[in-house]
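Heads up: the structure comes next, in structure tokens.
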Amino acid sequence: MCGIWAIFGSDDDVSKQCASALRIGHRGPDCFRLENINHFKNCCFGFHRLAIVGDTYGMQPMRVHRYPQIWLCYNGEIYNYRRVAEQFGFNYETDCDGEAIISLYMHGGIEFAAKHLDGVFAFILLDTQQKRVYLGRDTYGVRPMFRLLKDDGFLAVCSEAKGLMGLSHGHDDHEVNIDPFPPGHFETYDLSPNGKVTLKECARFHKIGDMPKYDALVKPLGKCETVWTIFYFLSLMKGGLDSSLISALLLKHAKKSGIIYPVQTYAIGMEGSPDVEAARTVAKYIGSEHHEVSFTPEEGIQAIEDVIYSLESYDITTIRASVGMYLVSQYIRTKTDSVVIFSGEGSDELAQGYIYFNKAPSAEEADVESRRLLGDLYMYDVLRGDRTTSAHGLELRVPFLDHMFTGYYLSLPPEVRRSKDGIEKYTLRKAFDGTGLLPDEILWRPKEAFSDGVSSVKKSWYETLQEYVEEQINDQMMEDAPKTFPFNPPRTKEAYYFRQIFEKHFPSKSRWIPYYWMPRWSQTNDPSARTLKHYKDSS
């Protein structure tokens, strides 16, 4: 987890722009660098580092002696960097995983490089010899990236949109578009002598559901490599299927590899939270060193504005679910020395885990919906996972979005992947049935949304929010909502309250979220599973 920032073709003194780069300092608390480009003084890279791999040579922009014309700034983790070195005969100069991007690019070009990366990433690559700038982002958008491109050729790129807000550029005060970079794509820009760019190509390098091009099966990880990796890892465990599976598999792998360092698991909730109780059961069963974090309704309410600023979103369910994840990440950062976190994001979209999938008219329509959700993950659950953890200098890993796994799972017939007997994620659950990996009551536990599972038995997080926003938003404001917010007008007081805060920090940027996340095949104005008849019938 790092923060990347770059500008090309600035009409203003670059030093005036650099303050914007400081807005993403939370993503890389270990060190910071700003660097101008030789012979392109109106171009600049900024980098905030969270040191995970390659401690000595890990600062960016990355440059290697063999290819002095290449400048690389990237955020992410390239899992197969050693394997591609063996496959193509690369001789790395550093121990940094990102050097694979440079070597692959020099070997076969930018599309070849992107197709052969196994990992999560967002990168900016500058080739001063070819006078080209390249941008790229992983298939599911696990690592974020935004770009600002003006008609005159000024380009600015940043991990988070807040790093591009208010950038000065000549005397043009017109509103500019700041857009999320599309996942699974790369872009190519020509770079002129004055630092301005011209977009030449935007193309998809990997489509959701396709098996990746890289050879992920060259050889298994060596024991020493595994030990190094596990040492830093912990799991966010909410007691549901996804996080519990990840935690149990991590513990199994650690034991098999002879790891003596106890894997840490963390759960968060209000008093009497069903998630905390379920996570406690799992932790005891798998033998993790478990930590429980509690928060009060007042602490949850108090965190909302910081959460929305971190998320850069006003989506209802994203914000609800983010509060708990934000607070537990804050606890981990301040109370522990852990940095890298495993979590279960992506499973509900891939394995059709939302309760509303029980209402799907057919297996084929459920398949279409699953793929749609996977394509939009970067605006919802993956966004939540990245921003709530990076806000506190942590790095999130999401094993369910492994490209080989998702490619295989989506290759199964739609009928196999749909809900069965009213049980969502039936195939995934059945795959581990009888293995003893998890207790049956956890393996077959019904889906709980994170924002519901953290709730107190006395008063739910949802009820707490409704009572609070009722005092903040009046009926006249709701009546005027379509005029106040013409795009995606809020239909509830909670949505209005969230939107107000969003517009305070990111005015006129509501199109970053194209729609409110809501269950399909259901008549509801609320995203919570608790509003669905199936949930009520099964509870």
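Using N, Cα and C of the backbone, Cβ positions are placed for all residues, glycine too.
Quantities reported herein were computed from a predicted structural model and do not represent experimental measurements.
Noted in TrEMBL for the protein shown:
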ACT_SITE  C2  active site, for GATase activity
DOMAIN    2-192  domain 'Glutamine amidotransferase type-2'
BINDING   D97  L-glutamine binding site
BINDING   L236, I268, S343, G344  ATP binding site
SITE      E345  site 'Important for beta-aspartyl-AMP intermediate formation'
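The structure, with features from TrEMBL marked on it.
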| residue | record | Cβ contacts under 8 Å, 6 or more apart |
| --- | --- | --- |
| C2 | active site, for GATase activity | R27, G28, F47, H48, R49, L50, Q60, Y74, N75, S159 |
| L236 | ATP binding site | S243, T265, Y266, A267, M325, V328, I341, F342, S343, G344 |
| E345 | site 'Important for beta-aspartyl-AMP intermediate formation' | D242, L377, D381, V382, R384, G385, L396, V398, F400, L401 |
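Calculated from their C-alpha atoms, the gap between I268 (ATP binding site) and D97 (L-glutamine binding site) amounts to 33 Å. In this entry, L236, I268, S343, G344 make up the residues listed for ATP, with the farthest two CA atoms of the set 15 Å from each other.
Mean pLDDT for the domain 'Glutamine amidotransferase type-2' (2-192) in this predicted model: 92. The Cβ of I268 (ATP binding site) has 28 neighbouring Cβ atoms from other residues within 10 Å, across all protein chains displayed.
Within 10 Å of the C-beta of G344 (ATP binding site) we count 25 further C-beta atoms, all protein chains included.
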